[in-house]
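*Asks:* Sharing a structure below in C-alpha cells format, with a few things to ask.
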Amino acid sequence: MASRNQNRPPRSPNAKKEGLGGIPFDKRRKVETQGTGRRQAFSAVNKQDVTMNSDVGSIEECGKVEFTKDEVLALLSERAKAGKFDTKAKIEQMTDIIKRLKVCVKWFQQADETHIQEKENLKVSLESAEQKYNHKELDARTKEEELQATISQLKENVVSLHEKLAKEESCKQDAIECHRREKESRVAAEKVQASLGEELDKVKEEKMAAKQKVTSLEDMYKRLQEYNTSLQQYNSKLQTDLETVRAALTRAEKEKSSILENLSTLRGHSKSLQDQLASSRVLQDDAIKQKDSLLLEVTNLRNELQQVRDDRDRQVVQSQKLAEEIGKYQENVGKSSQELDILIAKSGSLEETCLLQKERINMLEQQLAIASERQKMADASVSLTRTEFEEQKHLLCEQQDRLADMEHQLCEAELLRKKLHNTILELKGNIRVFCRVRPLLPDDGGRHEATVIAYPTSTEARGRGVDLVQSGNKHPFTFDKVFNHEASQEEVFFEISQLVQSALDGYKVCIFAYGQTGSGKTYTMMGRPETPEQKGLIPRSLEQIFQASQSLGAQGWKYKMQVSMLEIYNETIRDLLSTNRTTSMELVRADSGTSGKQYTITHDVNGHTHVSDLTIFDVCSIGKISSLLQQAAQSRSVGKTQMNEQSSRSHFVFTMRISGVNESTEQQVQGVLNLIDLAGSERLSKSGATGDRLKETQAINKSLSALSDVIFALAKKEDHVPFRNSKLTYLLQPCLGGDSKTLMFVNISPDPSSAGESLCSLRFAARVNACEIGIPRRQTSTKLLDSRLSYG
Ligand code: ADP
Ligand code: MG
C-alpha cells in the first residue's frame, strides 16, 4: 500500500472532468483489466484522506493520481453520508468529496493534455508509420512481384521437376526392368559357368590324354623320321648306284654311237676312195684317149709337116724352075723381080708357118710327155687307192665286229639294268601300296555335293598323294602311287608290268585289290575284257606273260604255265574252274565236311602250295586263258544268284604258276603270280547285317583282319605270323613276306556318302604302306630239272 502511494500521485479532481476519454492508451487498458488494483488504488486515495485532508495544494504536489471510470463514477455519485442534521460533518464530507473531485478534475485535465500530446505524437508517429507503411507496402509489392516471379519460376521449376520426376520414374522403371533382366541373365550365366566349369574339367582331362597321345605320337614321329632318313640314305645310295650304272650305260651308248659314227665316216671315206678310184680310172681312160688323140694329132702334124716339107721341096723345085726360068727370062727379070719378091715373101711366110708347126709339134710332144707322166701317176694312185680300199675294207670288218661286240655289251648292260632295277625294288622290301580312285558314276548319290577327294600338287606329293576331306577335316595320305579317276587301265597296268615281269623271272608276286564294295576292285582286276581298252590287270598281265615268254624263247627259255582260280566264301574254298557245276554248292557241304572235295591246303618244303582237288589248267595261249576267265566269271555269277551277291562277299584268287627252263644255260625259274580281288571291306555296322549276311560279314572281317595281322606281324618280324587264322592268308603264306613281292591296290569311291569307308580304307592302306616285310628272293636254280615241276 505504501509503495502504491509512493508511485502514484493522489487523484486530482481534474481527473473527474476529463473523464475516461483522457486516459492514455496504456492506462486505459489498466482501467479495463485491473479492476481490483484500481479499487485498491481508490481505497488508497480514500485512506489518504486523513493525511491530505488539510491541504489540497499538497495533493497537487503529490503528483499524478490515476482514476478508473468506476472510481470516477463512484466519486461523482458519492453523497455526504452524515445525517440530515449533522451539517458540519456533511460539509466536511462534501469538502473532501470536492477536494477529491478537484484532484480528479486535475488528473483529468492533465490526462487530457497528455492525451492531446499523445494524440499529436500518435499522429506524427501515425504519419511516419503511414509513410513507413507505404514504403513497406511498396517494398512489399515489389517483394510480392518478385515473389510472384519467383513463384512462377518455382512453378515452372515445379513443372519441369514434375516432368523430370516422371522421366526419372520411367528411367527407374527401365532400370528396374534392366536389373531384373540382368538378374535373370546372371542366373543363366551362373548356370553356363557351372556347365563350362564341368566342360573345362572334361577338356582338361582330354587335354591330358591328348598330351600323352602327342608325346607318344612325337616318339613315333621321331622313330619314323629316323627310319625315313635311313631309308632316304639307302635310297640315295641306290640312286647313286643307279646313276653310275646309267652313266656306264650312257658311256657305252656314246661309245657305240661314236663307233657307229666312225664306221659311217669310214664307210664314207671308203666310198669316196672308191669314187676317187673310179674317177682316176676315168681320168686314166681320158688320158689314154687324149694320148691316142695326141698321137693321132702328132701323126697328122707329121703328115702336115711332111706336106709342108713337100710343099717346100716343091717350092724349092719351083724356085729352081723359076731360077731356070730367070735364066730363061733374064731379060724378063725386071718384070719378074716383083713376082719373085712376092714368092720370096710367100716362102718366108711358109717358112714361118713351118716354124710354128714345129713349135706346136714340140708343144704337143711335151703335152704327150705330161699326159704319159700323168697316166703313170694315175696308175700309181690307182694302186695306192686299191691298197687303201683294202685297208678300209679290213677296218670296216673290224669295226663291224666291234659293233657287234658293243651291241652284245649293250644287251648285257640292259640285262644288268633290269637286274639292278629289280634289286632296287627288292631292297625296298616293303609292301607297295597303290591307291586308285574311281570316277563318279551316275548311280552315285553325292553328285552335287562337294568333292571329297583332292590330289595335292606339290612336287613331292604329285602322283603320290591323295587328300580325303570328311566333314571339313582334311586327311592327307601318300602312297607309292596314286591313280586319280582319270587313270586308264593301261596306265595302271604300266605301273605293275614290272611286277608281272618279276613273276616270269621267278618271283612270287601277290597283287591285292582292297576296298569297299563298289569302289572298283573288280574293275581294276578284271575290268571289262570285252572292250580292249577297259581290260583289267589280270588279262593284261597274262598277255604280257605270253608275249615275254615268246620273246624269251629266242634265248632258249621254255615256259610252262598253269592257272587256277578259286573263291573263298565264308572261309570255304570254291573251285571256279571245276567242270562239275554242282561244286558251286559244295562249299556249304565242304564246310560241314560232307563233300568229297576237301580243298585242303598244304605247303611243301620248297614253299610250294597244293590245294587238293583244285582244278589246274596248263595254258599255252591267250585264247585258252580267255575262255578260262569266262568260265570263272560265269561260275562266280552262278554263285552270285545262289549266294546273295557272293561276288562282293568273297575273295577271288587268280593264281598262275610259271616254270621256265633254259636248256642252253641250264637255268630254271619258278614264279607265281597271284591276283586277288578281295571281298568288300565295308564295316559290319554299316551293312546292318543279320543272319546269313551277318555270318558272311563276320567271315570277311575276320579274313581281312587276319590279312592285316599277317602283314603287321611280318613287318614287326615277329616269330609267330598268324597265317593259319584265315584260309586266304594260309593259302598265300609262301607268297606273303619273305621272298615275295606284294602290291596292294586300295580302291576308293569318290562318292561323298562313302567318305567314311574311304577314310577307313586309306588308313588301313597307309598302315600297310608303312610295313617293311622282307627282301624278295628269286627262285632259280642252275640244275636242269624234270620239265614236270611242282608248282608253288
Ligand atoms: P567292286 O569290285 O569294288 O565292288 P566294281 O569293280 O564292281 O567294284 O566297280 C563298281 C562300278 O564302278 C562298276 O560299274 C565299274 O564298272 C565301275 N568302275 C569302277 N572303277 C572304274 C573306273 N576306273 N572307270 C570306270 N568305271 C569304273
Ligand atoms: Mg567286285
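Counting begins at 1 with the first residue displayed.
The backbone N, Cα and C atoms fix where each Cβ goes, and this holds for glycine too.
Sharing the feature lines straight out of TrEMBL:
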REGION    1-43  region 'Disordered'
COMPBIAS  15-32  compositional bias 'Basic and acidic residues'
COMPBIAS  33-43  compositional bias 'Polar residues'
COILED    119-164  coiled coil
COILED    193-318  coiled coil
DOMAIN    430-771  domain 'Kinesin motor'
BINDING   GLY515, GLN516, THR517, GLY518, SER519, GLY520, LYS521, THR522  ATP binding site
*Asks:* Around the Cβ of THR522 (ATP binding site), how many other Cβ atoms lie within 10 Å? Please give the count over every shown protein chain.
*Replies:* 20
*Asks:* If one looks at the chain holding GLY520 (ATP binding site), which residues at least 6 apart in sequence have a CB under 8 angstroms from its CB?
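*Replies:* Same-chain residues close to GLY520 (ATP binding site) (Cβ under 8 Å, separated by 6 or more) are ARG436, ARG438, ASN747, ILE748, SER749.
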*Asks:* If you check the binding-site residues GLN516, GLY520, THR522 one by one, which have a CB less than 6 Å away from any atom of ligand 1?
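*Replies:* By the Cβ criterion, which requires under 6 Å to ligand 1, the hits are GLY520, THR522.
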*Asks:* Would you pick out, from the binding-site residues GLN516, THR517, SER519, the residue whose Cβ has the largest number of other Cβ atoms within 10 Å?
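*Replies:* When each Cβ's neighbours within 10 Å are tallied, SER519 leads.
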*Asks:* Scan GLY518, LYS521, THR522 for binding-site residues whose C-beta lands under 6 Å from an atom of ligand 2 and note them, or write none.
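*Replies:* Those binding-site residues that pass the cut-off, since their Cβ is under 6 Å from ligand 2, are LYS521, THR522.
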*Asks:* Specify all same-chain residues, apart from the site residues GLY515, GLN516, THR517, GLY518, SER519, GLY520, LYS521, THR522, whose Cβ lies within 8 angstroms of the center of the Cβ atoms of the ATP site, ordered by sequence.
*Replies:* ARG438, ALA513, TYR523, SER648, GLY680, ASN747, SER749
*Asks:* Just going by other Cβ atoms within 10 Å, which of the binding-site residues GLY515, GLY518 has the emptiest spot?
*Replies:* GLY518
*Asks:* Let's check the environment of LYS521 (ATP binding site): how many other CB atoms sit within 10 Å of its CB?
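*Replies:* Taking every protein chain into account, the count is 28.
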*Asks:* If I take every residue in the domain 'Kinesin motor' (430-771) and average their pLDDT values, what number comes out?
*Replies:* 83
